[in-house]
């Protein structure tokens, strides 16, 4: 016989059999080695074919191994091993069988048929296990499905559905899919399209995370439960694994062969199989090399004829980018748009998933946590979609509580660390012999004993709580498993088993769960509990705060006091601007108490006043107050935006322009730090068109960047500073605040458009500074110098008379507080730098600055 007529799979089996024979020191290549090679290869299909024929495969494997072990061994065997006479006879019978069946190639299943016809040892083993010529022939016909072997790789194309798909209906039967709540309209529309005669292929289109794949899982569950029209009952829903199709397709045409195998299997199934292709846009161009067809083009004829019942899922952007471009592919699909669910629908979805997450994490998820997850994710996580982002919050909060539960509680950890510290101290003190050391040793022993007792008590409580909690979690898991078995029994029509499970097993487990919950409640008072065993709204708020940097959690007493005393804190840095400080403080208090409009920024202000009076300093103080750091101050110098086209730098260049990928300075900063103070400095110097983009920010708290993404400004404070009208403020001095503001507003109305002024929460006019204000600012600035000197182990003391001289030197009604900085530099810092370099001051010494007439002297 010609070996080139053997299929690739059988050639591989012969090579493997030769290796087995060499390893066994056999003198010939026996048929038994080939049978073992075929049975050991998972992809050969030999074991499956024998099982299909009703043969006891484990018995065959066991007897075959015994037979091979009993074969005579020849030591020193080298080179190729020749086939035995029996094997040659089997191969000749295979050739005859292939010719009889009209095959161009000899497939490995014919080896099993020929072996049964022979009377050698391997053939006898098969016959004893139940193999006959008739049942092997019938099994071959069933596996081939009426097709001939006309290709060396024909065996690889068999069972293509098993290799390249995942059975979603089977997963639904096994209870491995999450429950799908709602989405009835979309599922009904998909079923409607699937029932069409031709082009019965729905494609689910929606934003990422809205639940497209969940709709298909919902359809699988409905098919399993028989809640679909007659034409869809008992159908299988398979997920195509495109990655498995492409993986390992080394040679040209191999990918097409695999896909053709899948399509042939589907055609043979006579419409009883639905295929789901997630991320269907990946079909366009998949497997395309020079001159080859891509998967999309190969599927078109089957889709058009209605042979392929396909459900696709993709996002709006990818549908537009890939599928709409190919009009012939697009017309074969029917669009089913999947929108984002509302907050109410998301709450219902989360309630449906609650039990699955409780079982996975082994903790309880409260209803307030579910409501908080839906509402907070909708408000604060703006770049993603419901229900995905709400599910993420629940999952992460539960994961955090589980992690705390499985690690040592904080109270025990503190005692543990203290014990380590005391034992180290004890080891050192024991070496000393004086009375003080002995006394200290007694105290250490006493403290160690006390802490060990406390630790043992806490450990006992912790273990008891953990045991109760783990027990309750285990019972929940068992309840879930019983519910799945009840559903399976109902589907199979075994009502006796279903009622036994429901009224005996389930009731018993429910009683156990109730008892475990009571034990958990009674075991310790809430105040003494070491373990957190449930997820509440506060835990969800903590996760949102960590993800976004926005303080969402309930205000602690400390923060309430801080907000009530906000003016006092800001006045430590900003001197003499009572109206401005009050306006900013009121805006922050409104937002943190939840009274502010949630669709607008926390506050938007226009600060007007002469240079150096504290406009920018107030913004820095505000950022420091809110975030304990000035890093959250986004400062934009508007003098850099004098040209009309400079607006692109704020929101990002439009498509087609250089820098499109980089994004805008303002939008990118706010996306990274959504809770910020935005300072638009010297706003009057910018081009008037730049203000047009600020209109929607001030009104709706949102801005669309160059890439079409919506950036959320609802958690920002927007401050614009300007010198407009500063000449009036200087002329009128500290008169009636409202009169000064009225005059300044006339200038503002000339420069800014009415729609801009109308959207600003408050226009705040800053006063010019008087001598007393400058003296207070001098104190603040000298404190900064004191801190810098402290790092060098030096102290600074400035007398009141010296402070008066500095304030007088730094006072200029036109330039505000900025000349003061220069005065401190020239009068104190310059001479002090020389003295330090000369080594006039030793470490730990005090530098006293005193008045000497109109000059300063250092002592």
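Placed from the backbone N, Cα and C atoms, the Cβ positions cover glycine too.
Record features (Swiss-Prot):
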- 206, 207, 208, 209, 210, 211, 212, 213: ATP 1 binding site (BINDING)
- 609, 610, 611, 612, 613, 614, 615, 616: ATP 2 binding site (BINDING)
- 391-525: coiled coil (COILED)
- 3-146: domain 'Clp R' (DOMAIN)
- 6-71: region 'Repeat 1' (REGION)
- 83-146: region 'Repeat 2' (REGION)
- 159-340: region 'NBD1' (REGION)
- 341-549: region 'Linker' (REGION)
- 559-768: region 'NBD2' (REGION)
- 769-859: region 'C-terminal' (REGION)
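Looking only at other Cβ atoms within 10 Å, the busiest spot among the binding-site residues 212, 615 turns out to be 615. In this structure, residue 213 (ATP 1 binding site) is part of a helix by DSSP. For residue 610 (ATP 2 binding site), the nearest neighbour among the listed binding-site residues (210, 211, 213), judged by C-alpha distance, is 210.
Between the C-alpha atoms of residue 211 (ATP 1 binding site) and residue 612 (ATP 2 binding site), the distance comes to 55 Å. Annotation note: residue 616 (ATP 2 binding site) sits in a helical segment as assigned by DSSP.
Distance between Cα atoms for residue 614 (ATP 2 binding site) and residue 209 (ATP 1 binding site): 47 Å, as a whole number. Across the structure, residue 613 (ATP 2 binding site) and residue 209 (ATP 1 binding site) are spaced 50 Å apart at their Cα atoms.
Residue 210 (ATP 1 binding site) sits 43 Å from residue 616 (ATP 2 binding site), taking the Cα positions as reference. Here the candidates are the binding-site residues 611, 615, 616, and by Cα distance the one nearest residue 208 (ATP 1 binding site) turns out to be 616. For the binding-site residues 209, 211, the greatest number of Cβ atoms within 10 Å around a candidate Cβ is found at 211.
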